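What follows is a short report on a single structure.
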Amino acid sequence: MPTVISASVAPRTGAEPMSPGPIAQAAQDKGTEAGGGNPSGIYSAIISRNFPIIGVKEKTFEQLHKKCLEKKVLFVDPEFPPDETSLFYSQKFPIQFVWKRPPEICENPRFIVGGANRTDICQGDLGDCWFLAAIACLTLNKRLLFRVIPHDQSFTENYAGIFHFQFWRYGDWVDVVIDDCLPTYNNQLVFTKSNHRNEFWNALLEKAYAKLHGSYEALKGGNTTEAMEDFTGGVTEFFEIKDAPRDMYKIMKKAIERGSLMGCSIDDGTNMTYGTSPSGLKMGELIERMVRNMDNSRLRDSDLIPEGCSDDRPTRMIVPVQFETRMACGLVKGHAYSVTGLEEALYKGEKVKLVRLRNPWGQVEWNGSWSDSWKDWSYVDKDEKARLQHQVTEDGEFWMSYDDFIYHFTKLEICNLTADALESDKLQTWTVSVNEGRWVRGCSAGGCRNFPDTFWTNPQYRLKLLEEDDDPDDSEVICSFLVALMQKNRRKDRKLGANLFTIGFAIYEVPKEMHGNKQHLQKDFFLYNASKARSRTYINMREVSERFRLPPSEYVIVPSTYEPHQEGEFILRVFSEKRNLSEEVENTISVDRPVKKKKNKPIIFVSDRANSNKELGVDQETEEGKDNTSPDKQAKSPQLEPGNTDQESEEQRQFRNIFRQIAGDDMEICADELKNVLNRVVNKHKDLKTQGFTLESCRSMIALMDTDGSGRLNLQEFHHLWKKIKTWQKIFKHYDTDQSGTINSYEMRNAVKDAGFHLNNQLYDIITMRYADKYMNIDFDSFICCFVRLEGMFRAFNAFDKDGDGIIKLNVLEWLQLTMYA
């Protein structure tokens, strides 16, 4: 019986380290040995042939910057233009924003004023507090900050209106280039701004992140860990504070010491991501509130800067339009906070554990014990105050006791820069393997274990845990590892209607007799074997990760969406303390009853398609158990050769007579005649419920069975085709269990295997895309056409693979003849 897997809304964990150590280095390999780990390995032939349609390679920041300086022009980004298309996609904005460059907004604009720090960040009206909370955490780690935000940029030296930032994207670091045009209203920045009016690094960083996801609106609502991962490539872990371990404070302390990024939040009871408006609030209402907010914050005339004075005063701020729920204690539900420090302070002779948090609004703070204006600060020693940097200022940052923290907050997210367990006192070197894959509707999007008929079709990844942990205090022979599953590009595709899928994974132990066997595990295996481990829940967040401890062995990881038929891409990473091997399960591509090759005899290129099809006779003789001694003799079947009737059986004689009636005296049939004879036969099989073969299908059959390049089929060729169709018809009926005249595309895997073809996951995906209808069903005509093409292409490859090394070399004429006549 399938186990019930809960589906819930919860933040996710996991990602890959960015530091140039062993983890980052290993990640560069991306599991290329598996065949499915390299992103170019997914339908690479199809993607490559269509690449010229997409366009040329983008120019780098350095090239664009140099070009602008040479031409003495300011850069305008054509990919993310300063207009409404870069702002919102769900509806048109009712008022006109003015896009301005920083020198047009204020005098003496600066990229960074006095160093980038957490107090620079003030949230605008976008609802991206999750992103800004992550920026505040990022400023605490200067090494990471300098990677994301190259500091050699300014509005004076070599200024050309162009800036760039770097983000981690699914295993790679990408450089995002933007112009410095920013949306303004009443000469004020609409979205993120700095505490200093003439500082713009954070507004430009937000714009680069918006470009990465397609628009500013795409940033509305999210989880802090998502941005943390994109800033670091780190591994994120998620804690429900009510279920947190007793030493949670120790875990948080070590996270701070190791440069990890931390965020927290308070559930608002709606299961919404941070900064997301209530479901009833439409984009139009958000826009109206934004306009009211901006009108209310318009500068007074007396606030104008006298001519010639520097415009580096603090920004005038108001609380932005928010939909989170503010509590009496000053905290806000459904809102993201940054954890910026942990300390212990002496208070009335006792040590008190403290947590420092920051609200990305830049104001609205905790008003309880240890808040800025707490009356009992007078009982705290002066030196302690200095150490805690206590000051009464409305900057959004505040202290609170750890006890109050765990009482009020419900979620804690920690983005680690390595996969070291924070409970451990020592740092280890972890190894990582990275695989990229996709769920394809109708083929490899099988859903979770609750759907046993399709679960087995999901991508599968073999995990070999080869060595146990080095832990002298642990008597168990155990391997520690972390699995992180991340779905790709869902935020960017929001404007196309995409939402985050509910995802998770299960881990099964592979039986010893199947170790080293890379075959895709079948349905029966999962029906009769329970998982050894799995993600705690399926969640509709970008990533889910989990730590496990299992004995050394061989396992299979099955990542999936909760519901079947949901199509998308993902990245699966496995971190372990010791050496491991994680690779996608890929069947060896082959066909049963391999055709014997003609040794030392080159193909004469009258029609290489026809020459490759001369192996038909060999295949036929092999099936009939005949002696295959002479390739030339095998090329024709003597029993069905015109004029040779002495050895024919009664059945063969009847077959010849029927064929003569159709073909006439020349004993050859064209595509129209083939269509008539095949449809005359299949129409008698009412259970197939087919409308018959199309003319195009019959043309393909002739091309793939033609041995002499005549464009017609003789008796022998037709006999071979007919035998194949009868065999494939039996397979089709076997899988057409409901007698609908179609088979489910998920069952095509087994049907292809029963026909003697062994393919990998990519080819199964391609078959589904090519032959299934919109309901993911394959009718009899498409079924036969698929098998005819498979047989013909295997046979053609075999004929051209003269030395049997699995590689063929064709010139352009050979390639076009082979593919056009198919």
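Cβ atoms are placed via backbone N, Cα and C, with glycine included.
Summarising the annotation, Swiss-Prot assigns region 'Disordered' to 1-36 (among others).
Counting Cβ atoms from all protein chains shown, Cys129 (active site) has 29 others lying within 10 Å of its own Cβ. According to Swiss-Prot, the active site annotation covers Cys129 (among others).
Following the DSSP three-state reduction, the secondary structure of His335 (active site) is coil. Annotated active site per Swiss-Prot: His335 (among others), in sequence order.
Reduced to three states, the DSSP call for Asn359 (active site) is coil. With a cut-off of 8 Å between CB atoms and residues at least 6 apart in sequence, the same chain places Val332, His335, Tyr337, Glu365, Gly396, Glu397, Phe398 near Asn359 (active site), listed in sequence order. Annotation source Swiss-Prot lists active site at Asn359 (among others), citing sequence analysis.
Restricting the average to the region 'Domain III' (419-587) gives a pLDDT of 87. According to Swiss-Prot, the region 'Domain III' annotation covers 419-587.
Annotated region 'Disordered' per Swiss-Prot: 604-652 (among others), in sequence order.
What Swiss-Prot records for 623-635 is compositional bias 'Basic and acidic residues'.
Here the domain 'EF-hand 1' (650-684) has long-range neighbours at 639-640, 642, 690, 692-695, 697-699, 701-702, 710-715, 718-719, 725, 780, meaning same-chain residues at least 6 beyond its ends whose C-beta is under 8 angstroms from one of its own. Marked as domain 'EF-hand 1' by Swiss-Prot on the basis of sequence analysis: 650-684.
The Ca(2+) 1 binding site feature in Swiss-Prot is assigned to Ala663, Asp666, Glu668, Glu673. In this structure, Glu673 (Ca(2+) 1 binding site) is part of a helix by DSSP.
Under the heading Ca(2+) 2 binding site, Swiss-Prot lists Asp706, Asp708, Ser710, Arg712, Glu717. Secondary structure from DSSP puts Arg712 (Ca(2+) 2 binding site) in coil. Neighbour count (other Cβ atoms within 10 Å of the Cβ, all protein chains): 19 for Arg712 (Ca(2+) 2 binding site).
When DSSP labels each residue, the domain 'EF-hand 3' (723-758) comes out as 23 helix, 5 strand, 8 coil, counted as helix, strand and coil in that order. Annotated domain 'EF-hand 3' per Swiss-Prot: 723-758, in sequence order.
The Ca(2+) 3 binding site annotation in Swiss-Prot covers Asp736, Asp738, Ser740, Thr742, Glu747. Proximity of Asp738 (Ca(2+) 3 binding site) to non-local residues of its own chain (separation of 6 or more, Cβ distance below 8 Å) is seen for none.
Feature annotation from Swiss-Prot assigns Ca(2+) 4 binding site to Asp801, Asp803, Asp805, Ile807. A coil conformation is recorded for Asp801 (Ca(2+) 4 binding site) in the three-state DSSP classification, outside any helix or strand.
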Candidate with the highest Cβ count within 10 Å, taken from the binding-site residues Glu717, Asp801: Glu717
Protein Cβ atoms within 10 Å of Asp736 (Ca(2+) 3 binding site), excluding its own: 23
Neighbourhood of Ile807 (Ca(2+) 4 binding site) by C-beta distance under 8 A, where only residues 6 or more apart in the same chain count: Asp801
Cα-Cα distance linking Glu673 (Ca(2+) 1 binding site) and Arg712 (Ca(2+) 2 binding site), given in Å to the nearest integer: 10
Any further residue of that chain within 8 Å (Cβ to the Cβ centroid of Asp736, Asp738, Ser740, Thr742, Glu747) of the recorded Ca(2+) 3 site: Tyr735, Thr737, Gln739, Gly741, Ile743, Asn744, Asn777
Sparsest-packed of the listed binding-site residues (Ser710, Ser740, Thr742) - C-beta count within 10 angstroms: Ser740
Integer Cα-Cα distance in angstrom, Asp736 (Ca(2+) 3 binding site) to Asp708 (Ca(2+) 2 binding site): 36
DSSP state at Glu717 (Ca(2+) 2 binding site), helix/strand/coil: helix
Nearest-integer angstrom distance between the alpha carbons (Cα) of Asp805 (Ca(2+) 4 binding site) and Ser710 (Ca(2+) 2 binding site): 31
8 Å Cβ shell about Ala663, Asp666, Glu668, Glu673 centroid, Ca(2+) 1 site members excluded: Ile662, Gly664, Met667, Ile669, Cys670, Arg712, Leu713, Asn714
